[in-house]
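Lifted from Swiss-Prot, the feature list:
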- 8-42: compositional bias 'Basic and acidic residues' (COMPBIAS)
- Lys138: ubiquitin cross-link (CROSSLNK)
- Lys7: N6-acetyllysine (MOD_RES)
- Lys33: N6-acetyllysine (MOD_RES)
- Lys34: N6-acetyllysine (MOD_RES)
- 1-51: region 'Disordered' (REGION)
Amino acid sequence: MAPKAGKKPAEKKPVEEKKAEEVPAEKKPKAGKKLPKDAGADKKKKKSKKSVETYKIYIFKVLKQVHPDIGISSKSMGIMNSFINDIFEKLAQESSRLARINKKPTITSREIQTAVRLVLPGELAKHAVSEGTKAVTKFTSN
């Protein structure tokens with residue numbers, strides 16, 4: 001391309017003048033004029049929190065039945081919740097194993113009852129079986 005006739009060749013300026021010209025060009029705009037980073041996020045739907053199922057309310061209800069005057073700390077409640085999850089996981093694994101051994105496609109109350117007898121020790125297993133039987137009877141009668 002040929003240079004335009006109206007343009008003059010660029011003049012060389014001293015270094016100090018160049019620095020003085022660059023500083024105003026680098027100024028940041030005022031904070032009031034900036035758009036917030038989340039301006040576009042208002043249009044998007046907010047993620048709903050994942051609901052986590054816990055046994056905390058049931059633990060608390062049982063505690064109040066047994067000892068109405070005693071409370072429980074949140075850390076202790078978390079430990080109890082983990083304990084119940086672990087026990088239920090062991091019972092589920094054992095009942096699943098029993099169903100597989102007996103070549104049954106379904107886990108019934110009988111597999112659960114046998115798993116309780118295998119997983120829980122002595123007297124605790126007896127009480128759990130009697131309470132479980134009572135709960136199943138109550139459920140089927142309604």
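Using N, Cα and C of the backbone, Cβ positions are placed for all residues, glycine too.
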Cβ neighbours of the residue listed as 'ubiquitin cross-link' where a neighbour is any other Cβ within 10 Å: 9
Secondary-structure category, per DSSP, in which Lys138 (ubiquitin cross-link) falls: helix
